Amino acid sequence: MSANSWTIAAARAALRKGDISAVDLTMSCLTAIDAADGLNAFVHKTPDIALDQARAADARIAAGGAPSLCGIPLGIKDLFATKGVPTQAASNILKGFKPEYESTVTTKLFGDGAVMLGKLNMDEFAMGSSNESACYGPVVSPWKVDSRQLTPGGSSGGSAAAVAADLCLAATGTDTGGSIRQPAAFTGIVGIKPTYGRVSRWGIVAFASSLDQAGPMTKSVRDAAIFLGSMAGHDPKDSTSADLAVPDFEAALTGDIRGKKIGIPREYRLDGIPAEIDALWQKGIEMMRDAGAEIVDISLPHTKYALPAYYVVAPAEASSNLARYDGVRYGHRATLAQGDGITEMYEKTRAEGFGAEVQRRVMVGTYVLSAGFYDAYYNRARKVRALIKRDFELAFAAGIDAILTPATPSSAFGLGEMASADPVEMYLNDVFTVTVNLAGLPGVSVPVGLDAKGLPLGLQLIGKPWEEGDLLNHAYVLERAAGFVSKPAKWW
Amino acid sequence: MSIDIDTARKVAKLARIRVEEDRLPDLARELSGILGFMEQLNEVNVDGVEPMVSVTPMRLKRRADVVTDGNIQDQILKNAPDAREGFFAVPKVVE
């Protein structure tokens, strides 16, 4: 097995034993990346930075006491500001933007000795569930079962494809409504969205600030625990970052969930969901029961209203956050006609720079925040959001330790298949994941099986706030019971 | 609530996104579809519910009101589409 296909945990052991150098490990990823341009996952490659970081990591490992991520080659979603390296959120409006600063997450990762292989494709401004709205063109999933090209999911589609195709050991993702968990489920990898406030948002291009949270996308639950430990922690530069100690998430993986109460929310049994998804869910329930957990039917009565509430709150925040792209301080500015003033400059720049879905969401957000509609839409959505959060609080207060649900309503679909669909149909991809962002809770997607077509399916576990360690331990039990080892056959 | 063409034009203007006249009917229809989806929220009884303002209960931190950064004019202007003499340049604003 070539080194690029290793887990973080396996690479950590090999690096420490001296079985491989960080430079050789990095080279094996760079070689795999260069052979995978057909996936369109890496959109800005940084081999020089990677090799410099790998050499430094080798010296640090040789000196002893290096952190777990030292020498581990990672992919970084294009949403994270990386100093001197293109960072454009897959949008033409940020074309040519090279930040003069480094995001807190990448600063922490590099501080622990991690290696950056390059920037990863995504949906424009993280708005999408199929990675088809990127200015770089769509990402192609490494999974292929017929003549079609499939979506890796979105918005962190480049991250998911790169990890599943072994172009890197792990990747950063961000999740506003399911953008880590849905692509992880579509590509057979692990993805965790931490509790809101666990990971600093500073230096991550903002979409919806009260929902956005960064997290790891990895080949195993253990890797997610290791990676999250490096990303997480208080940051004075993000006023919503929690001033809490970061526990040792890896140490929480005991594999023992005996006596834990797993909630099965009845509102997640949706009409029209494929029988395979339901069967997978039942299988997951049996696995948790066999591991000694108690299965409890629960009710989260406001679940049905999560999607419409999300599609008010997220566009509202996006319309405000994206107001900064005005062609003045960075990125694209439209060529102006004789006599055009500053308003024409804004309007032409934003029309040229933003793609169709981003424009649509900015305008929906503008509408729901406009005078006369603020109470009817935005304030009502925030009230419903409070009720959704309370549903979870009541379940946890009644003794539930974790909640098990499907991660997605289907397996991956073909690129272009949703092109003629109503925007709302695409939004339904988020039906199982979006509640978690609204409530600020941690949620993890774990690959559990393949459908009849041979495509990965995942289950989602939802945990209590700040209890990512306990949540990952539940995920670890599910991962071991499921024994998912399938990999996409290389065709690219 | 259905969005008419005049409302679509007004929203585009407020959002500072240029939309050509011939695109407005499509835009109005798309926005109407999305807002129609949101109408479900009217089924929920929200009497006495406070709108959520903070995702996790926390008190915003205070800090001393002092300058901690600065003297980085070159870095700030470096990505500007048009910077001149230490300023961002834009079309004439005041007649």
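Here the Cβ of each residue, glycine as well, is placed from N, Cα and C on the backbone.
Quick look at what TrEMBL lists:
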{"type": "DOMAIN", "residues": "A:25-472", "note": "domain 'Amidase'"}
{"type": "ACT_SITE", "residues": "A:Lys77", "note": "active site, charge relay system"}
{"type": "ACT_SITE", "residues": "A:Ser155", "note": "active site, charge relay system"}
{"type": "ACT_SITE", "residues": "A:Ser179", "note": "active site, acyl-ester intermediate"}
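Counting only the Cα atoms, the space from A:Lys77 (active site, charge relay system) to A:Ser155 (active site, charge relay system) is about 10 angstrom.
Rounded to the nearest whole angstrom, the C-alpha distance between A:Ser155 (active site, charge relay system) and the residue listed as 'active site, acyl-ester intermediate' is 5. Less than 8 angstroms from the CB of A:Ser179 (active site, acyl-ester intermediate) sit A:Asp123, A:Ala126, A:Ser129, A:Gly154, A:Ser155, A:Ser156, A:Gly173, each of them six or more residues away in the same chain.
Residue density at A:Ser155 (active site, charge relay system): 35 other Cβ atoms are found within 10 A of its Cβ, drawing on all protein chains shown. In the three-state DSSP classification, A:Lys77 (active site, charge relay system) falls within a strand. Other Cβ atoms within 10 Å of the Cβ of A:Lys77 (active site, charge relay system) number 30 in total over all chains.
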